[in-house]
C-alpha cells in the first residue's frame, strides 16, 4: 500500500511542478488566442489534464513538455472555434439570420497571425524592425539600411538572427510547421 501512495505522491509532485512551471505562460498564450480569461483558464486546466493522462510526454527529455502543452492548447482552441457551438455563439449572421461560418483555413490563419505577432513582440527592437521592413513591407536590404541608418551587411546579419530567434520562439510556442 505504501508503494501506491509513494507513486501517487510522486505523480502529484510531478503535476504540481508541471503546473508551477507552465500554467502562467500557458494561460497567457491561451488568453491571447481566445481573448477570454475564463476560457483561457479552461484551456489550461484541460491541457494539464491531458498532460496528466499522458505521462510519457512529460517524462520525455528529448522533447520539451512546453512545446507539447502549447500544441495541445492551440489544437483545443482551434477545435472549439471550429465547433458549431462557437460559431452560433460568436459568429455573425448574414441577412437571412443564418450564422456565417469560418472555414478551417480562416481560423488557422487568424491563430497563426496571433502566434506570429506574439513571437515578434518577443524579439529585440532591432530584429523586429528589420523583419517588419523586409517581410511585411517588402523592402530591399538597401532600403532597410538607408531607413535605419546602418550598413547593408548589418541588415543581412540582423535578418538572419531575427529569423532564427523567431523560429526558436515559435517552436517554444508549439508551432511545428
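Heads up, the Cβ atoms here are built off N, Cα and C, so glycines get one too.
Summarising the annotation, Swiss-Prot assigns DNA-binding region to 141-160. Break the DNA-binding region (141-160) down by DSSP state and the numbers are 17 helix, 0 strand, 3 coil.
The region 'Sigma-70 factor domain-2' annotation in Swiss-Prot covers 18-85. With DSSP classes pooled into helix, strand and coil, the tally for the region 'Sigma-70 factor domain-2' (18-85) is 58 helix, 0 strand, 10 coil.
The annotation region 'Sigma-70 factor domain-4' is assigned in Swiss-Prot to 119-167.
Same-chain residues lying 6 or more positions outside the motif 'Interaction with polymerase core subunit RpoC' (42-45) and placing a CB less than 8 Å from one of its CB atoms are 23, 26-27, 30, 34, 73, 76-77. As annotated by Swiss-Prot, motif 'Interaction with polymerase core subunit RpoC' applies to 42-45, with the evidence given as similarity to another entry.
Below 8 angstroms of C-beta separation, residues 126-127, 129-131, 133-134 of the same chain, each at least six residues beyond the ends of the DNA-binding region (141-160), sit close to that stretch.
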